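Visitor: Taken from TrEMBL, the feature Fe cation 1 binding site covers Glu168, Glu206, His209, Glu292. Annotation source TrEMBL lists Fe cation 2 binding site at Glu206, Glu259, Glu292, His295.
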Amino acid sequence: MALVLQSNGIYATAVSRPGPTASRSPCMDSVSLIHISRAAGSLRSTPARLWISSSKARLTGIVMTTALPVDVEEKVEHTSLYVPRESHTQVTHSMPPEKIELFKSLEDWAEENIVPYLKTVEKSWQPQDFLPEPSSEGFLDEVKELRQRAAELPDDYLVCLVGDMITEEALPTYQTMLNTLDGVRDETGASLTSWARWTRAWTAEENRHGDLLNKYLYLTGRVDMRIIEKTIQYLIGSGMDPQTENSPYLGFIYTSFQERATFISHGNTARQAKEFGDNKLAQICGTIAADERRHENAYTKIVEKLFELDPDDTIFALEDMMRKKISMPAHLMYDGNDRNIFDKFSQVAQRTGVYTAKDYADILEYLIKRWNVEKLSGLSSRGQKAQDYVCGLPNRFRKLEERASRVKKGPKTGSFSWIFNREVALS
Ligand SMILES: [Fe+2]
Ligand SMILES: [Fe+2]
């Protein structure tokens, strides 16, 4: 089996050759379509195990199907904006099957220790608690006041808030991600296991975050809602690629990290909203941040338990996730026009202090302390090496970041479709 792709004059060949991860990825057998960045060319293949050999072409995604599409070229055109743009091989089901039993045996533990982190619907806040009441006589006046407050918000702040809102709005992807995890997934869609009920109720709590930010931003009149809605549709269509390989070890380390990252970024947008004089928005972002903190506490507790029961495999998982780097959930963001929109959004978040490279190092340092990683005992010699590697990372990240910030290149400003193509400083 071989196939040839033409991409803007660059030929890339994909040959049937077992890759280093192929033996760990039974699903790779069904790969049948490859898409190369800006490819307009043709491809022919039969479902087979693939390994990509191309140094020039940027592999933008692998679509897994069980059969070849009827009209491949049409399919490439149609899906070209939806395929993941990552350049690594997608590994699946890397956790040995016997470990699944470990998670099944933890169902009662999760019932007693994790499910209580959820709030009942009756005790939960709802977006409407923070928004003008549309059935009241004073609705229009309330909206007017909201818009007066929001008029003071600077463009770079709006970019961060929109980026955070779009990230929250891609929630279907995150529930999908949790349900990729072996041993804890919701097998039926209404499963009564504690893991499945946690995932659904967590999703239901998270659903209010995007709703609230979306409605608030709509009412401000400061942002281009249609292009934002397109960005959300593209993002959900693209999915995400956290490289968690169906493993709850990797998956819960990822979610621990991400819940803390969102706690930090929503906390920073809350603080900044207050500085800009919008106390209502500060309350909104602060309330969302508190949810993220509660979720972080639940996910870090799961990983704490894994360290207790299985320190070696858990430290390997932490090492693995850190070597791969924790990708942001919305890393495949696209607005239909700007392929760099996520990078630009990240730059603005870095410059304004909403979420920074220092935060990334701080989160890891926090998690190392939270899980007592430095003092883990009973590790194998390989486990001890992983422990040393992980414990040295926060300082390494900080040094690398310092160096990188001194030699920063690239445009100083950029325009964002979300705010009607107004320019904001990137660095
Ligand atoms: Fe959230
Ligand atoms: Fe969250």
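Glycine residues also receive a Cβ, built from the backbone N, Cα and C atoms like all the rest.
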Visitor: What is the interatomic distance between the Cα atoms of His209 (Fe cation 1 binding site) and Glu259 (Fe cation 2 binding site), given in whole Å?
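Guide: Distance between the two Cα atoms comes out at 13 Å.
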Visitor: I'd like to know which of the binding-site residues His209, His295 has the most other Cβ atoms within 10 Å of its Cβ.
Guide: His209
Visitor: Less than 6 Å between Cβ and the nearest atom of ligand 2 is the rule; apply it to the binding-site residues Glu168, Glu259, Glu292, His295.
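Guide: With ligand 2 as the reference and 6 Å as the Cβ limit, the list reads Glu259, Glu292, His295.
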Visitor: Out of the binding-site residues I have (Glu168, Glu259, His295), which ones have their Cβ sitting under 6 Å from ligand 1?
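Guide: Once distances to ligand 1 are taken from each Cβ, Glu168 fall under 6 Å.
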Visitor: May I ask for the distance between His295 (Fe cation 2 binding site) and Glu206 (Fe cation 1 binding site), taken between their Cα atoms and rounded to an integer number of Å?
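Guide: Checking the Cα atoms of His295 (Fe cation 2 binding site) and Glu206 (Fe cation 1 binding site) gives a distance of 10 Å.
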Visitor: Filter the binding-site residues Glu168, Glu206, Glu292 down to the ones within 10 angstroms of Glu259 (Fe cation 2 binding site), Cα to Cα, kept in sequence order.
Guide: Glu292
Visitor: So if I draw a 10 Å sphere around the Cβ of Glu259 (Fe cation 2 binding site), how many other Cβ atoms end up inside it?
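Guide: Result for Glu259 (Fe cation 2 binding site): 23 neighbouring Cβ atoms inside 10 Å.
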Visitor: With every protein chain in view, what's the tally of Cβ atoms within 10 Å of the Cβ of Glu292 (Fe cation 1 binding site), excluding that atom itself?
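Guide: Glu292 (Fe cation 1 binding site) is surrounded by 22 other Cβ atoms within 10 Å.
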Visitor: Compile a sequence-ordered list of residues in the same chain as Glu206 (Fe cation 1 binding site), six or more apart from it, whose Cβ lies below 8 A from its Cβ; state 'none' when nothing qualifies.
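Guide: Those within reach of Glu206 (Fe cation 1 binding site), by Cβ under 8 Å and sequence separation of 6 or more, are Glu168, Leu171, Tyr174, Asp291, His295.
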Visitor: Suppose we draw a 10 Å sphere around the Cβ of Glu168 (Fe cation 1 binding site). How many other Cβ atoms does it contain, all chains included?
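Guide: By my count, 24.
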Visitor: For Fe cation 1, what surrounds Glu168, Glu206, His209, Glu292 with a Cβ no more than 8 Å from their Cβ centroid?
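Guide: Near the Fe cation 1 site, the remaining chain residues are Leu171, Glu205, Arg208, Gly210, Thr262, His266, Ile288, Asp291.
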